[in-house]
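These notes are about the structure you will find just below.
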Amino acid sequence: MGGRSGCLFCSPSFTGIKIQPLSSYTFPCSYTFPYFSFTFSPHQTHSLSFPKLMSQPLSLNSAPLAEADTDSSAAPSLFDYHSIDQKLLQNIVYDALVWSTLNCLLVGDKSVQRSGTVPGVGLVHLPLCLLPGPFPESHWKQACELAPIFNELVDRVSLDGKFLQESLSRTKHADEFTSRLLDIHSQMLQINKTEDIRLAIMRSDYMVDDKTKSLLQIEMNTISTSFALIGCLMTGLHKSLISQYGNILGLDPNRVPANNAVDQSAEALAKGWSEYNNPRAAILVVVQVEERNMYEQHYISALLRDKYHIKSIRKTLAEVDQEGEILPDGTLSVDGQPISVVYFRAGYTPKDYPSESEWRARLLMEQSSAIKCPSISYHLVGTKKIQQELAKPGVLERFVENKDHVAKLRACFAGLWSLEDSEIVKNAIENPELFVMKPQREGGGNNIYGNDLKESLLKLQEAGSEEDAAYILMQRIFPATFPAILVRDGNWSTGHVIAEAGIFGTYLRNKDKIIINKESGYMVRTKVSSSYEGGVLPGFGVVDTVYLT
């Protein structure tokens, strides 16, 4: 289980990409205004490559679309987006870019040096899928129904400190980052630190395996789950485009599921703040030094301020170390401000801990009485090794009493194995295309496939050390591909893609009282089927929605 904008598994087929710049075309001046409005919006070798924006400016033509362009009899087959008339396609892309700008579906442009530190500098639209791809409605309902079950499972597992420490004991010796997290967890166990109020904003990511027609879980993200706002904005974009062009394309905007992920995230934080019961306290948002996706974070802070009248402050781990202290009553104070909830949007990757200062800050926050979203134990439950342990026969029953819930959880588990399993390792070496090798890392670009997987396993065997404990093996999932139009940096491309749907869940518990436990919106990532990785900000995938079939 894991962290932010993870990965997409894919079939090995290569379909190629055709790229078209948005230049030297004319466009209609009319377009629909935002479907819904926000006050403001908003991490390899297989990454997509797109050309820079063309220097020729776009030209506007005030004439309406020609009659042939709006004739539904000329519509392509459902989801056959590659056969859309070129002029019509240019109009849809143009309207999508206008909508994205008006509604702040934006992120910091990595080519602009200050875009990750200074708000409003160097903005570019999120890489996006122009129109949604098909997703079976039955599997969508299954994923949504699983959210509260997974929420409760994470909470139950987090309370079993012995299980976490023992399950990750070999990983501790092989992976320094996991070792440091376990050290903090161990210190909390030694002082008998209890978290009476437990808060989480989680996301479980899924694909539909085309061979078995099964919904299979990729991972469970328990820390810094991102793209709640972006998921909502993409829903708005696709509903808007389909409302405008649906009669031509044969699409119904009501088949794109409603999405309230960002509101649900803010509500969970606000209710956590309320349970802490200190009106003077603020919510601390722990952020990275440079953050191109800062606008989503700022939007949640704006919701907290305007809707719930709750103050939030942004600090890096280093700043928390410099400005933070624990008061005699256990209260966390940062720069003189008492803190009720620590909302982690950083701390999930070794890059976030360049010195001992950041580790001191993480320990300080864990030792305090502030509510952690997530706590160190929730964070550890999200590791891939725990995901693999929970998939073992009989382990779920240790934490889940409801037999129906056990069956539903197990039905979505893909094959997961420890590298201690010599038969599976042998099989993976002989058939590397059927497996994925996953380290305890988050954020995309970390998984190992194909010949690299085979070579990595052989090297680990030759070394004969415990380094294999830093990895797990997972069944390769082969979802169905579908034609898509991908838009990045104002240019569009065609390709056959696969999609990964992430279902958010929010959970809040105060001792024996469950205050929130529900499915809380979604986000979707799509990528070209020939690419191994799917993280959006690292440059592998694009944001998307689904069209229920």
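For all residues, glycine too, the Cβ spot is worked out from N, Cα and C.
TrEMBL: automatically predicted annotations, no manual curation.
Per TrEMBL, the features are as follows:
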- ARG203, GLN297, ARG525: substrate binding site (BINDING)
- GLU219, LYS384, 438-447, TYR449, 474-477, GLU500, LYS527, GLU533: ATP binding site (BINDING)
- GLU219, ASN221, GLU442: Mg(2+) binding site (BINDING)
- 282-381: domain 'Glutathione synthase substrate-binding' (DOMAIN)
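In this structure, the C-alpha atom of ASN221 (Mg(2+) binding site) lies 5 angstrom from that of ARG203 (substrate binding site). The most densely surrounded of the binding-site residues ASN221, GLN297 is ASN221 (count of other Cβ atoms within 10 A of its Cβ). Here the candidates are the binding-site residues GLU219, TYR449, ARG476. The one whose C-alpha lies nearest to that of ARG525 (substrate binding site) is GLU219. With a 10 A radius on its CB, ARG525 (substrate binding site) counts 27 other CB atoms from all the protein chains. Around PRO439 (ATP binding site), the same-chain residues at least 6 positions away in sequence with a Cβ under 8 Å from its Cβ are ASP175, LYS384, ASN446, ASN447, ILE448, ALA470, TYR471. Just so you know, of the binding-site residues ARG203, ARG476, LYS527, the Cβ with the fewest other Cβ atoms around it within 10 Å is the one at ARG476. The most densely surrounded of the binding-site residues GLU219, TYR449, judged by C-beta neighbours within 10 angstroms, is GLU219. The two recorded residues, ARG203 (substrate binding site) and TYR449 (ATP binding site), have Cα atoms 24 Å apart.
For the pair TYR449 (ATP binding site) and GLN297 (substrate binding site), the C-alpha distance works out to 33 angstrom. The helix, strand and coil residue counts that DSSP assigns across the domain 'Glutathione synthase substrate-binding' (282-381) are 41 helix, 26 strand, 33 coil.
When the Cα atoms are compared, GLN297 (substrate binding site) and ARG476 (ATP binding site) turn out to be 33 Å apart. Averaged across the domain 'Glutathione synthase substrate-binding' (282-381), pLDDT in this predicted model comes to 97.
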